[in-house]
Amino acid sequence: MPNYVVPRCYISRSLIGLARFFRVASPTCYSILSEHLKNRRIDEAKELFERIPSPNIYLCTKMIAGYAENLRLNEALQLFDKMPVKDTVMWNLMIKGCVDCRNMDMGLKLFEEMTQKNVISYTTMISGFLKSGKVKEAESLFSEMPQRDVAAWNAMIYGYFENGRVEEAVKLFELMPYRNVISWTSVISGLDQYGRSDEALLIFKKMLDFFIEPTSSTFASVITACANARDLGLGSEIHACVVKLGYLYDTYVTASLITLYANCMHMDDSSKVFSERLHINIVVWTSLLTGYGLNYKHKEALKVFGDMIRIGLLPNQSSFTSVLNSSCEMESIDLGKEIHGVAVKLGLNTDAFVGNSLVVLYSKCGNINDGLIAFKEIPEKNIVSWNSIIVGCAQHGFGNWALTLFAQMIRSRADMDDITFTGLLAACSHSGMLEKGRRLFQYIPQSSSIEVTLEHYSCMVDILCRSGKLNEAEDLVKRMHMRPNLSIWLALLSGCKKHLNLELAERAAENVFHLDPNCSAAYVLLSNIYAFSGRWNDVARVRGNMRRRGNTKQPGCSWVNQKGIQHTFLSGDTSHPLSDRIYEKLEWLTEKLKEYGYVPDQRYALHDVEDEQKEVLLSYHSERLAICFALITTHGSAITVMKNLRVCGDCHSAIKLIAKIVDREIIVRDSSRFHHFRDGFCSCSDYW
């Protein structure tokens with residue numbers, strides 16, 4: 001290939017032309033560069049920037065800001081180091097970039113190297129320390145400031161609240177030489193955030209006394225405080241004020257108003273606020289969705305979620321959490337799975353808040369395996385994640401799973417609280433793990449900062465009673481360092497039913513009636529214990545006392561959820577449209593049960609009638625009707641039945657055999673726990 005020599009004059013002309021291009025095109029370059037940075041096209045901005053021969057300080061500052069905003073700190077630092085001249089703006093911008101990228105060490109190094117620090121430099125570092133939880137360092141720097149403007153004071157107040165230092169924030173606010181509307185709004189919002197909504201509203205009234213004009217952010221914070229304080233009167237007054245001042249259509253004000261009326265159980269007013277204009281902001285829609293859930297209008301909540309999807313509005317974490325909670329309350333696992341699918345498509349199923357809601361949904365709807373899968377998909381598990389899955393395993397009687405998860409929780413150095421141990425003790429109770437329960441109960445005060453609560457005592461009494469240690473359970477109640485509550489005495493009374501200890505049952509019932517003379521649960525338990533013992537005169541006496549006090553026994557009720565519709569059954573119910581087919585299936589099952597050697601346990605009839613009539617009463621229990629309905633309307637899949645009372649011993653024995661006869665898993669959730677019946681066995685190992 002021949003060598004070509006480019007004439008020097010040609011090179012000179014090219015360089016001159018290039019220089020002319022940049023001189024002429026500089027405004028265009030600035031405009032294009034700004035547009036790239038504005039739209040976060042950082043690579044295109046970098047390519048254009050590197051073509052500029054001698055960028056001025058303005059362009060360099062803009063580029064450094066772009067790198068920092070896109071978390072490309074190393075490139076920002078490299079450009080910063082190349083700069084021969086750096087003004088205060090550039091220094092502050094670079095320090096802010098380090099703070100935003102959570103590199104406080106580099107930020108502090110630059111701050112110390114900076115020769116002409118100003119109030120912005122100090123405030124940026126203070127905010128960074130507070131965001132990192134380094135309160136002492138922030139306090140030290142704040143005290144060193146040669147002069148402080150209101151922004152510096154506001155940064156400290158906001159940071160104190162962010163780190164839970166409420167008293168320090170209020171004290172600093174009172175010391176401020178001058179307060180602007182941001183100062184007042186920060187304190188109102190901060191107090192409300194920490195459950196001191198009444199104080200927040202007093203601060204707002206004081207703010208008005210100083211003739212400080214509220215902003216939309218102030219109104220949003222105050223209305224939220226009214227919502228949390230359930231102060232409908234003041235909230236309505238502020239609503240009227242917001243309308244007059246023209247803030248009604250601010251997104252966060254609208255969302256706060258929806259929450260106010262929802263919290264005060266005025267859902268119609270929430271809907272009116274929402275309907276006043278067409279909203280395209282997810283915050284407003286989520287407020288309405290959450291409000292419906294709070295008011296137990298879960299079908300309406302699901303409709304709002306569906307409308308969001310239909311208009312193309314993408315739900316956020318809060319939207320999913322609220323709608324999953326509504327699905328959970330409706331016990332609709334089918335709808336929950338559909339919503340889970342939407343979350344997966346949007347990549348939000350691994351978010352901790354969404355993941356936690358999925359764990360609770362699947363656990364409460366009888367599918368603990370999918371609950372475990374949802375738990376494992378959460379990359380950054382918080383204490384709610386761990387508690388949700390441990391409590392879920394406890395409810396399903398998988399005690400060993402709960403303890404294994406607890407061991408993983410300890411290894412991951414996650415925080416634990418009283419709910420963690422309540423779940424673990426419940427798991428031991430439902431799995432018959434007496435010794436492990438004892439060790440856990442002793443572990444609480446010895447190896448953690450958590451105090452033993454009434455709930456822990458109640459669980460421990462239940463563990464002892466289920467294991468037949470009734471005297472030890474009573475002794476534990478007597479030795480408690482706090483006064484036993486109703487649930488503890490009821491746990492002891494329930495244990496007496498299982499082991500037919502009449503003497504202790506009467507003592508426990510006496511203590512229950514001392515705390516609550518109208519406790520229907522105690523009357524029913526005591527009556528059942530007498531019935532089991534054949535003491536029908538005492539049964540009549542207890543039931544007579546119950547009637548005289550106006551108490552009635554809650555009827556046994558079971559239900560099955562299919563495609564968002566709840567099918568409910570009472571004992572001997574014939575109101576369902578498919579009753580003929582249900583009873584036909586029940587008769588078939590009754591014959592099959594006899595073939596498998598099933599003999600009804602007539603003690604559970606709990607009525608002083610003939611044996612033949614007792615068998616009929618038992619065979620028409622609500623859970624059996626619900627199971628028969630599920631058998632004729634579904635095929636192959638697991639059957640999930642919910643019940644408001646504990647499943648009786650006779651039905652428990654029958655359902656084990658029914659699961660074997662029909663070759664399907666039957667899951668029954670009663671008032672105490674989940675039972676998984678499969679192939680003639682139950683997950684509770686008859687320890688229920």
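Cβ atoms here come from the backbone N, Cα and C positions, even for glycine.
Long-range contacts of the repeat 'PPR' (87-117) within its own chain (CB-CB distance under 8 A, at least 6 residues past either end) are made by residues 57, 60-61, 64-65, 67-69, 71, 73, 76-77, 80, 124-125, 127-129, 131-132, 134. If you look up TrEMBL, you'll see 87-117 (among others) marked as repeat 'PPR'.
Here the repeat 'PPR' (118-152) has Cβ contacts under 8 Å with residues 88, 91-92, 95-96, 98-99, 102, 104, 107-108, 111, 158-160, 162-163, 165, 176, 178-180, 182-183 of the same chain, all six or more residues outside its ends. The repeat 'PPR' annotation in TrEMBL covers 118-152 (among others).
The repeat 'PPR' annotation in TrEMBL covers 180-214 (among others). Proximity of distant same-chain residues to the repeat 'PPR' (180-214), defined by a Cβ-Cβ separation under 8 Å and at least 6 residues beyond the stretch ends, is recorded for 150, 153-154, 157-158, 160-161, 164, 166, 169-170, 173, 221-222, 224-226, 228-229, 231, 234.
Annotated repeat 'PPR' per TrEMBL: 281-315 (among others), in sequence order. Sequence-distant contacts of the repeat 'PPR' (281-315), counting only residues of its own chain at least 6 positions beyond either end whose CB sits under 8 Å from a CB of the stretch, comprise 251-252, 254-256, 258-259, 261-263, 265, 267, 270-271, 274, 322-323, 325-327, 329-330, 335, 339, 342, 346, 348, 564.
Residues or ranges marked as repeat 'PPR' by TrEMBL: 382-416 (among others). A Cβ distance under 8 Å defines the sequence-distant neighbours of the repeat 'PPR' (382-416), meaning residues of its chain 6+ beyond its ends; these are 352, 355-356, 359-360, 362-364, 368, 371-372, 375, 422-424, 426-433, 436, 448, 450, 669, 673-676, 683-684.
Residues or ranges marked as repeat 'PPR' in TrEMBL: 453-483 (among others). Confidence for the repeat 'PPR' (453-483), expressed as mean pLDDT, is 93.
Residues or ranges marked as domain 'DYW' in TrEMBL: 597-688.
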